[in-house]
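Colleague: Before we start, here is the structure in question, set down as structure tokens.
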């Protein structure tokens with residue numbers, strides 16, 4: 001009996017060795033991963049290799065030329081900036097403040113916060129203990145609750161207040177904002193009552209036009225704090241302002257693309273939060289990756305329909321602030337909006353979910369506004385409308401997703 005076990009073990013070992021070597025039962029070579037690699041190498045000629053390397057060298061020469069041009073032109077923005085204010089002490093505002101403070105060690109970076117306790121804590125601990133407790137902040141970041149102190153004399157002002165609170169907030173601080181100071185908006189979403197974007201809310205809240213750029217893209221605050229590679233888009237109708245923002249924020253870890261398509265960047269940033277809730281619902285219902293991919297693809301099409309109707313450019317929707325942000329928000333667990341969807345799909349109530357969250361999931365408030373905006377422009381949005389119905393309690397998640405999956409089969413549009 002013992003011999004049989006030993007023979008069996010030996011046979012198993014030989015079999016495993018042959019599999020590792022890529023041999024069949026008779027010791028002949030079989031096609032394994034190693035064999036596939038050899039076949040790949042044999043199929044690429046020296047001429048092909050030289051051509052590929054040549055293309056890469058061409059890209060690097062172009063990059064060096066552009067980098068040289070930027071180096072000649074971007075010094076004045078960062079050099080001349082003395083003070084930047086951030087309105088809003090959440091995770092994203094704090095992370096962007098950190099990037100600026102790292103870019104220039106003597107830049108005065110001031111975060112305007114609502115709570116005296118939170119401001120005092122940040123100044124004493126040099127950490128945002130509420131939202132980013134694990135990360136030390138640069139010494140040139142400080143916090144205050146005094147709007148005059150924070151905003152007066154700023155070269156740039158960053159708006160990082162949740163969309164639904166923005167109009168009232170801006171109305172309260174407008175007297176401390178110089179009409180010529182550029183305002184850079186990080187907030188994503190549509191206002192529930194008006195269906196307006198931040199580029200419409202900001203001048204209304206201030207009671208005047210203001211130099212404005214919106215910043216959007218696939219960004220998690222934690223990864224910004226860690227200095228991991230990130231790309232965002234700075235969009236402004238004033239191309240010169242977009243370039244100045246690029247020069248202010250750009251660094252070895254943050255790439256800033258510019259655009260003049262404010263509508264496309266804003267709508268992508270707002271609607272992807274609603275789509276992320278839908279993606280999370282599919283995850284919570286455990287319907288699988290195939291269903292997830294098809295539902296998100298349909299949602300992307302709906303974003304294209306509505307944004308295109310409002311004048312957004314196709315290249316914006318296909319770029320970093322469109323497709324890039326959609327991918328991050330729909331498929332990565334750090335996404336707050338996706339988390340809301342997962343928990344809804346798992347059977348939790350919206351009241352329970354929102355009551356347990358310390359930060360805003362903008363897609364919840366934005367969903368209904370997206371549907372109303374679409375109705376104004378006679379655009380049908382099945383997936384995003386289903387999300388709004390689920391959030392309003394008009395349908396349960398399983399029923400809504402079943403109806404979406406079983407919509408009539410039609411040609412791709």
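Placement of Cβ uses the backbone N, Cα and C atoms for every residue, glycine included.
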Colleague: In TrEMBL, the NAD(+) site includes 88, 89, 90, 91, 92, 93, 221. Which of 304, 313, 336 does it also list there?
Modeller: 336
Colleague: If you count Cβ atoms within 10 Å of the Cβ of residue 336 (NAD(+) binding site), leaving out that atom itself, what do you get?
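Modeller: By my count, 21.
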Colleague: Roughly how many angstrom lie between the C-alpha atoms of residue 90 (NAD(+) binding site) and residue 337 (substrate binding site)?
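Modeller: Rounded to a whole number, the Cα-Cα distance is 16 Å.
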Colleague: State the three-class DSSP label for residue 90 (NAD(+) binding site), counting H, G and I as helix, E and B as strand, and everything else as coil.
Modeller: coil
Colleague: If you count the other Cβ atoms within 10 Å of each Cβ, which of the recorded positions 188, 272 comes out on top?
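Modeller: Answer returned by the neighbour count: 272.
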